[in-house]
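Here Swiss-Prot flags 95 as active site, proton donor. What Swiss-Prot records for 27, 58, 59, 60, 87, 88, 89, 120 is 5-amino-6-(D-ribitylamino)uracil binding site, and it gives sequence analysis as the kind of evidence. Look at Swiss-Prot and you will find 92, 93, 134 tagged as (2S)-2-hydroxy-3-oxobutyl phosphate binding site, backed by sequence analysis.
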């Protein structure tokens, strides 16, 4: 495995009051617990409030985010961002390719069409060992990476919104 390099982002744009929705696919509970913990740790450290919604699988994540965004806006407590968390492990059929590609496409469509600060933490791997390499509780946790991405995108949105 190549050594990952994380960009050091020094953006200190104020994100006070930021609120995101985490939507997690509970298909692999133990791996999902680790991804969720990584995301929560990063959001808590940044002072970002969050709500958590659980769905059965990765394909349901984009729709659940869209539903959450609409409901939160209607209720007067809109989300500034979202964190998508899940795990898709390759099997013997093309289901892996479909779920991986379509969940990513759905998230990208949401992000672009709604200018949504989105962190994609849906890991797509060949086996359980690779999943744990990306979910373990350290600097490689992809749940934490997804939360950091959403936080940075919120900073960018706020910075560009300033007069």
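Note that Cβ sites are derived from N, Cα and C of the backbone, with glycine treated the same way.
On a predicted model such as this, the values are computed, not experimentally measured, just so you know.
Known features from Swiss-Prot, placed on the structure.
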residue : record                                           : Cβ neighbours (10 Å)
27      : 5-amino-6-(D-ribitylamino)uracil binding site    : 17
58      : 5-amino-6-(D-ribitylamino)uracil binding site    : 26
59      : 5-amino-6-(D-ribitylamino)uracil binding site    : 18
60      : 5-amino-6-(D-ribitylamino)uracil binding site    : 19
88      : 5-amino-6-(D-ribitylamino)uracil binding site    : 24
89      : 5-amino-6-(D-ribitylamino)uracil binding site    : 17
92      : (2S)-2-hydroxy-3-oxobutyl phosphate binding site : 6
93      : (2S)-2-hydroxy-3-oxobutyl phosphate binding site : 8
95      : active site, proton donor                        : 12
134     : (2S)-2-hydroxy-3-oxobutyl phosphate binding site : 22
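Residues 92, 93, 134, recorded as binding (2S)-2-hydroxy-3-oxobutyl phosphate, reach a greatest CA to CA spacing of 23 Å.
Residue 120 (5-amino-6-(D-ribitylamino)uracil binding site) sits 13 Å from residue 134 ((2S)-2-hydroxy-3-oxobutyl phosphate binding site), taking the C-alpha atoms as the reference points. Put simply, 95 is the one of the recorded positions 92, 93, 95, 134 whose Cα lies nearest to the Cα of residue 59 (5-amino-6-(D-ribitylamino)uracil binding site). When the alpha carbons of residue 95 (active site, proton donor) and residue 27 (5-amino-6-(D-ribitylamino)uracil binding site) are compared, the span between them is 14 angstrom.
Rounded to the nearest whole angstrom, the C-alpha distance between residue 87 (5-amino-6-(D-ribitylamino)uracil binding site) and residue 134 ((2S)-2-hydroxy-3-oxobutyl phosphate binding site) is 10. Across the structure, residue 88 (5-amino-6-(D-ribitylamino)uracil binding site) and residue 134 ((2S)-2-hydroxy-3-oxobutyl phosphate binding site) are spaced 12 Å apart at their Cα atoms. Residue 89 (5-amino-6-(D-ribitylamino)uracil binding site) sits 12 Å from residue 134 ((2S)-2-hydroxy-3-oxobutyl phosphate binding site), counting Cα to Cα. Residue 92 ((2S)-2-hydroxy-3-oxobutyl phosphate binding site) and residue 60 (5-amino-6-(D-ribitylamino)uracil binding site) are 22 Å apart (CA-CA, integer value). Of all the Cβ atoms in the protein chains shown, 29 others lie within 10 Å of the Cβ of residue 87 (5-amino-6-(D-ribitylamino)uracil binding site). For the pair residue 93 ((2S)-2-hydroxy-3-oxobutyl phosphate binding site) and residue 58 (5-amino-6-(D-ribitylamino)uracil binding site), the C-alpha distance works out to 16 angstrom.
Across 27, 58, 59, 60, 87, 88, 89, 120, which the record gives as binding 5-amino-6-(D-ribitylamino)uracil, the greatest C-alpha separation is 16 Å.
Rounded to a whole number, the distance between the Cα atoms of residue 134 ((2S)-2-hydroxy-3-oxobutyl phosphate binding site) and residue 58 (5-amino-6-(D-ribitylamino)uracil binding site) is 16 Å. All chains included, 21 other C-beta atoms sit within 10 angstroms of the C-beta of residue 120 (5-amino-6-(D-ribitylamino)uracil binding site).
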